[in-house]
Amino acid sequence: MPTRDPLASLYTTAQVRAIDRAAIDRCGIPGFELMRRAADAAFACLRRRWPDARRIGVLAGSGNNGGDAFLLAELALRAGMDVDLVALTGDSSGDASRARASFVEAGGRARLAGNSVAPVGDVLVDGLFGTGLKRPLDGLAAELVGRSAGRPVLALDVPSGLDADTGTCTGACVRADATVSFVAWKRGLFTADAIDQCGARELATLDLPQAAYEGIAVDAELADACIGRALPPRRANVNKSRFGHVLALGGDHGYGGAIRLTGEAALRCGAGLVSIATRAAHVGAINAARPELMARGVDDAAALAPLLERASVLALGPGLGLGDWGRRLFDAALTSGRSVVVDADALTLLAEAPRAWSADAVLTPHPGEAARLLGSDVASVQRDRFAAVRELARRHAAVVVLKGAGSLVGAPDGRVVVCPWGNPGMASAGMGDVLTGVIAALLAQGCNAWDAARLGVALHARAGDEAAGDAPRGLVASDLFVPLRRLVNGAGA
Ligand SMILES: NC(=O)C1=CN([C@@H]2O[C@H](COP(=O)(O)OP(=O)(O)OC[C@H]3O[C@@H](n4cnc5c(N)ncnc54)[C@H](O)[C@@H]3O)[C@@H](O)[C@H]2O)[C@@H](O)CC1
Ligand SMILES: [K+]
């Protein structure tokens with residue numbers, strides 16, 4: 001059995017609960033001891049991140065997340081800090097009541113949350129709710145979260161209010177500067193609203209023995225950008241025909257830039273040859289701006305056949321449009337039997353008439369396109385991105401990239417990889433066109449669909465982070481070309 005990498009393994013809350021149970025029942029570690037370890041890890045994190053904090057405010061819920069908070073508050077007291085603990089309820093359950101008693105024995109005092117009560121401190125510790133969250137926050141809990149905003153927050157396990165399975169929050173939610181998560185990564189910390197709510201993420205495995213994880217499936221994995229395994233360094237004695245021929249199809253009138261970005265991304269990621277099938281009106285501009293791209297006018301679809309014949313991989317859709325011209329290209333491309341990356345307008349056409357594939361296929365929908373492919377709506381897709389990407393991959397029998405904050409890559413067999421990189425600067429025109437070219441280039445160089453998609457997404461997001469630095473606003477898609485070239489050659493892996 002392959003060794004599980006705890007830092008890359010993502011679990012549902014039910015799976016994490018099963019690990020907790022196994023640690024207690026099978027490995028004989030009492031639940032209260034786990035709580036102590038969680039509090040130790042979180043307090044160490046607090047000291048490391050806020051070394052000057054002298055006064056801490058602590059929010060404690062009634063369950064075990066609150067128990068972690070009581071024990072952390074006790075540690076802070078014993079370290080000589082001022083502690084203002086606000087408890088949501090007058091009593092706690094199970095191990096948490098023992099933690100509460102321990103805090104009181106150490107001289108701590110719990111203030112009960114009520115009208116206008118808000119914790120005081122240089123840093124707030126959020127121990128209201130963790131994996132036991134059952135419904136959106138409302139009432140007193142929501143008010144407490146609102147009253148605590150504006151100060152640095154360390155969230156215990158999960159920012160309270162965030163659904164740790166889906167990464168969404170439909171009610172009030174703590175916005176943390178850092179989240180220290182216990183035992184194992186909850187998958188919902190890495191996508192959707194979680195990207196804004198978690199801050200920096202840390203994992204504290206609480207020294208659980210390997211036996212606690214045995215027999216418990218991993219739901220998803222974090223993406224890696226280790227290009228070397230899928231795309232080894234090039235031999236010297238080679239020529240361009242070894243690295244595939246990408247044909248990028250799209251760029252209806254007014255959208256020539258989109259398909260040029262796709263083509264140039266494919267070149268920058270190492271495709272041996274890149275041709276562009278587009279409107280004749282765009283050919284001159286593309287050739288002038290990037291002479292290495294072989295742009296051809298295919299206003300007459302008959303001109304397409306020899307291009308398809310020569311290509312090894314197709315990048316289909318950027319700027320394709322939904323008119324007759326785009327539809328003709330779409331049909332010709334998908335009957336050619338070539339490996340294909342399907343993006344943008346081609347996804348809308350695919351939603352009208354799903355296809356069977358005779359070669360590798362990668363679909364790259366954003367949530368709107370995903371909703372069209374599933375016959376649902378954007379809110380439903382975003383409510384559970386894991387379910388959406390799995391359903392898309394299964395239904396379309398293809399590898400699917402569900403774009404957006406915390407992009408997911410899903411395979412028809414249920415595997416999912418989550419991309420932990422990317423930034424809001426990448427919410428700008430042309431970024432998706434570049435991703436399509438990146439994935440097509442990896443396919444052209446011999447990666448299978450799964451590797452091309454998961455690595456392509458990782459390289460693209462990391463290139464976006466490198467290009468943005470700390471200034472995401474104003475990032476443009478072509479800023480990614482230089483870092484992409486570095487990363488596809490193994491830099492920073
Ligand atoms: N032994 C263990 O199982 C461990 C658990 N740990 C902590 O325990 C947490 C899970 O503890 P629990 O299962 O007790 O769950 P939580 O502490 O997350 O919350 C459970 C309590 O909150 C209430 N609740 C849920 N949603 C609510 C809402 N929207 N409004 C008001 N009340 C709501 C529930 O009725 C229940 O009383 C983890 O997140 C982690 O922080 C850690 O101490 C590590 C070990
Ligand atoms: K919490």
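Cβ atoms here come from the backbone N, Cα and C positions, even for glycine.
Remember, TrEMBL labels are computer predictions, not curated facts.
Of the residues GLY414, GLY425, GLY430, GLY432, TrEMBL puts just one in the AMP site with LYS403, GLY404, ALA405, GLY406, SER407: GLY432. Of the residues ASN64, ASN65, TrEMBL puts just one in the K(+) site with ASP126, SER160: ASN65. Neighbour counts of Cβ atoms within 10 Å were compared across the binding-site residues THR131, SER160; the minimum falls on THR131. Close to ASP126 (K(+) binding site) in the fold, though at least 6 residues off in sequence, lie LEU59, ALA69, SER148, VAL153, LEU154, ALA155, LEU156, PRO159, SER160, VAL174, ALA176, each with a CB less than 8 Å from its CB. The Cβ centroid of LYS403, GLY404, ALA405, GLY406, SER407, GLY432 marks the AMP site; residues of that chain outside this set whose Cβ lies within 8 Å of it are HIS366, LEU402, LEU408, CYS419, GLY422, given in sequence order. When the binding-site residues ASN64, GLY406 are compared by the number of other CB atoms within 10 angstroms of each CB, GLY406 has the fewest. Summary: among the binding-site residues (GLY67, LYS134, ASP157, GLY404, SER407), the fewest other C-beta atoms within 10 A of the C-beta are counted at LYS134.
Highlighted in sequence order, LEU59, GLY61, GLY66, ALA69, GLY127, LEU128, PHE129, GLY130, ALA155, LEU156, ASP157, VAL158, PRO159, VAL174 have their Cβ within 8 Å of the centre of the Cβ atoms of ASN65, ASP126, SER160, the residues recorded for K(+), and are not part of that set.
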